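Peer 1: Under the heading transmembrane segment, TrEMBL lists A:15-33, A:95-116, A:123-140, A:182-201, A:231-255, A:267-292, A:304-323.
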Ligand SMILES: Nc1ncnc2c1ncn2[C@@H]1O[C@H](COP(=O)(O)OP(=O)(O)OP(=O)(O)O)[C@@H](O)[C@H]1O
Ligand SMILES: [Mg+2]
């Protein structure tokens, strides 16, 4: 982060400081924004925030773990569907929260185990994550019939599950959360995930993960079981994507598009534009690009995909390192006394 | 003295190429061994087998009597084998200090790892590089950083594949001193082409040629051996002139 405090503060102190700053920013946004926005905008802002959590999950897995996952949307979708199905079956939707995080975590752990312990090369990892996402997309799409239900929850095929109940006040099933409260929850989740990423990356585990990205062979020759570390970071990323899915299910509703390649592709673009190897960048990238997509959609007589494609092309050419590194570098040049 | 590491009929084939051919060799606790041989003799491939990077085509590797053939690199590393690879293998995006700390972080807590890492960097005369990203360093400096990374956790066997390549004369002398120093409580196997360096540090020398052990003897005897001379003909002058004609 640019403009951080005392130059010689220990790295751990700095990570804690940045984590706290992230939480503080989330707190302020959560308190202030609901007073400013009307309902439609609040729901939109909640979607943006959920997607920012999703971007953060891939920022961790790809930017720091060096694992390019083309299927982050799969864990997003699993989180959303796990929440919807559990919420429809349980009396108190609060209990659906751990399920919505656990299911995609387990899926990520299983997939990660096959990939990392099966010595699958990077290229095939891309193919496998892509394929798994496609399979899930097609499967969920084909569950339109009445026979496809889990307990009280019809899977609904391409229609998704519009009847998903939102979260209620913990312990009070009669009181569902209002959209403003869901928004506050989403912003706090984003702040917490950011803080969690910061702390994970400062821990020994996180530093070994980054070292593995830098040089897998050297990490192994120093006695680290590379496969376990990759599995660990991949699973954390799956859990975080699942949380994003849960939030999404609470402001829109779950449908097979959550598993779509279009989503998987977008997440990659958010991280790329934000800056690979950064956390704040992908969060901002996700927000900016969603806002841009929404705006372009309102323009008459122009193909929105064309505009978006053009913007992306320009972004990649103009700021190849991504938003955060570019802005940080610019700030450092403007404030030379800040460079240690 | 007891045997630390032994290979039995170790063989590594790549299709038709037999890079390591029926090598039976043993290293004792706290031994300092030089490995020499012309380009393509199979030295680096032999080390890749020892460290688990390659699964040998045939033969066994014994570590203090335990069969470690086919184990994963991290499992072998944990038994106490460290290697400085021929092409420096480093965490380019990390600083020198961060890398060395990670090398120590399996055995020590953060504070102690940091203290020891700084001491090793100091010992190698590269303390001033501690906070520089390794990817930006010159080749000789990178060699020293890798050396620090490998020796810091004090493995029982340290393998050094051409550690002084690209180093200045001063850095080379420092490395020779370090090797002698480390040898007081670690076994070391070092590949070198610089004969002066070999004379300075080694008691016993093994000569590889075409994947096989050609000679194994004291440094003096090996350097005087006409077969070794023949094998080295065609090598760069510094190696040739060092073998007495
Ligand atoms: N992965 C591989 N696939 C095919 N052949 C290989 C492979 N690795 C090594 N070889 C071959 O094995 C032989 C031994 O190579 P190696 O690198 O072990 O020799 P070396 O003694 O270390 O040589 P140098 O002094 O040049 O480092 C060479 O003929 C090389 O081409
Ligand atoms: Mg070699």
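One-based numbering along the chain as shown.
Every residue, even glycine, has its Cβ placed from backbone N, Cα and C.
Describe each of these features in terms of where it is and what it packs against.
Peer 2: Remote same-chain partners of the transmembrane segment (A:123-140), defined as residues 6 or more beyond its termini with a Cβ less than 8 Å from a stretch Cβ, comprise 67-74, 77-78, 81, 111, 114-115, 155, 157, 256, 259-261, 264.
Proximity of distant same-chain residues to the transmembrane segment (A:182-201), defined by a Cβ-Cβ separation under 8 Å and at least 6 residues beyond the stretch ends, is recorded for 15-16, 18-20, 22-23, 25-27, 29-31, 33-34, 42-43, 45-46, 49-50, 52-53, 56-57, 59-60, 64, 166-167, 207, 209-210, 236, 240, 243, 247, 250-251, 279-280, 283.
Long-range Cβ contacts of the transmembrane segment (A:267-292) within its own chain (Cβ-Cβ under 8 Å, at least 6 residues beyond either end) map to 1, 47-48, 51-52, 54-56, 58-60, 62-64, 68, 70, 72-73, 190, 194, 197-198, 308, 311-312, 315-316, 319, 321-326.
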Peer 1: Which residues, given as numbers and ranges, are at least 6 beyond the ends of the transmembrane segment (A:95-116) yet have a Cβ under 8 Å from it?
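Peer 2: Sequence-distant neighbours of the transmembrane segment (A:95-116): 71, 74-76, 78-80, 82-83, 86-87, 125, 128-129, 132, 167, 226-227, 230-231, 234-235, 237-239, 241-243, 245-246, 249.
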